[in-house]
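What TrEMBL says about this one:
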type: TRANSMEM; residues: 158-180; note: transmembrane segment
type: TRANSMEM; residues: 224-251; note: transmembrane segment
type: TRANSMEM; residues: 257-278; note: transmembrane segment
type: TRANSMEM; residues: 290-312; note: transmembrane segment
type: TRANSMEM; residues: 324-351; note: transmembrane segment
type: TRANSMEM; residues: 382-404; note: transmembrane segment
type: TRANSMEM; residues: 416-442; note: transmembrane segment
type: TRANSMEM; residues: 449-472; note: transmembrane segment
type: TRANSMEM; residues: 492-518; note: transmembrane segment
Amino acid sequence: SLPIHSSSLSLGEVLDGDRMAESLYHIRFREMWRKNSLSVDQLREAIEELYYFEFVLDDIPIWGFVGYIEESGFLPHSHKVGLWTHLDFNIEYNGNSVIFANVSVKDVKPVPWREGAGSLTVTHTYSVRWFESLCLTPEELSVSETYSFFPKTLEIHWLSIINSLVLVVLLLGFVIIILMRVLKNDFARYNVEEEGGCDDLDQGDNGWKIIHTDVFRFPPYKSLLCAVLGVGAQFLTLATGIIVMALLGMFNVHRHGAINSAAIVLYALTSCVSGYVSCSFYTQINGQRWVWNIILTSSLFSAPLFLTWSVVNSIHWWSGSTQALPATTVLLLLGAWVLVGFPLTVIGGIVGKNRAGSFQAPCRTRNIPRQIPTQPWYKHTAVHMAIGGFLPFSAISVELYYIFATVWGREHYTLYGILLCVFAILLSVGACISVALTYFLLSGEDYRWWWRSVLSTGSTGLFIFVYSVFYYRNRSSMSGLVQSTEFFGYSLLTALVFSLMLGSVAFWASLAFIRYIYRSLKMD
């Protein structure tokens, strides 16, 4: 057999499981070839499994099926298998640049491969045709926008996006109008007799005013809460950076793993954000074990990531899959975290601790906590999580399908402008729903809003994981231990990322809202 010469790969290509090699097809610029011979091994099993090949010519991908299969009959079922023994490469160029390329078997008949015939000896040939183009770049070539080897499932979906946008605008308008009217009535009622500070308010009233001495009582598990806020802020920065870089055209859709490489670099560099936010807020709420807080922050996501990756990579290694990372890549990723990610988390934490000011609560907190009355069923945590998680999920459910089809399918995602709009919609809905649920919680004289605000909107991650199960069963053709483990393992991590990010946004929105209403009450 002929030796295989592997090509150098980027970090993102290795993470994608790509193992590119130099092909036996020799193509010289603007040189026509007809039926040049090529030796190949037998590929019957690959044809039956609908394998396809991918060539990369000047960063332009070329796809084609290995062979031809035709199924007929139900009882008994039979199928015919054929091998494509000739490929026509059609390449368009402008000056010294390749603009477009594809492979065709339009005028070729497959060599039949009868079942039980044993080995099949064929001569594989290929032709190369060059066509001059007036377009200067691949983006200007209209045919490159219409040609697709795979089924077209990623068409522009403006109608669905407009529906989501209308839903969000109505939802936000409804919540804002209701809250403003209710708050206006509350302010008028609470301030009708007294104009003093929070400590002079009439204790005979009920509602959110009466718990002013407890609403800023610091929650349990302060270190974990601050770690959630820090890592959530990190992923918010990371997601925004990736989308902005994509909008600026920094990712070539034909370069494998470019976004993966950028995500790893940004994750390491934005670790300072998580350390700063976590340790700064931890110091504000009188946290003492800041070293433990930094360690918890740095491991809150990296520990589940390492555990999931270890299981998935071990299964890939056991099955002989190319998705198993080589030792050099593992050491590179570990070094990036040890030498860059963790130190930046520590530095960010130290800076946040030293620059942290006071908490600035509008009302003083009494030593003895107030007794919380029994709450109706619709104010329980599970109900709030169901409401606060479903509404943000409904705003991104359409786009989520296209993202899953890109990550787990064969499509290339290029609608980054729409993605930015959906991302902004997601954050807006999450913040608004969190404020509304926090108000309803406080109106029932329940001041335990700290963790409730994080969990209510952070539950969107649970809905995303449930959707991933639906996608696996009804929208994908994945099966087996290898594919199932990788899909559900990384789907769990994706759900965790969304929970941390949206939980952080929801908390800061609720904190700003609570500070506003109690400060306004005190000033009136």
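Counting begins at 1 with the first residue displayed.
Using N, Cα and C of the backbone, Cβ positions are placed for all residues, glycine too.
Sequence-remote contacts of a segment are chain residues at least 6 beyond its ends whose Cβ falls under 8 Å from one of its Cβ atoms, and for the transmembrane segment (492-518) they are 183, 186, 198, 208, 212, 215-216, 228-229, 231-233, 235-236, 239, 300-301, 304-305, 308, 360-363, 388, 392, 426-427, 430-435, 438-439, 442, 449-450, 453-462, 464-465, 468. Sequence-remote contacts of a segment are chain residues at least 6 beyond its ends whose Cβ falls under 8 Å from one of its Cβ atoms, and for the transmembrane segment (324-351) they are 11, 14-15, 264-265, 267-269, 271-279, 290, 293-294, 297-298, 302, 313, 316-317.
Pairs of Cβ atoms less than 8 Å apart link the transmembrane segment (449-472) most often to 382-404, out of 290-312, 382-404, 416-442.
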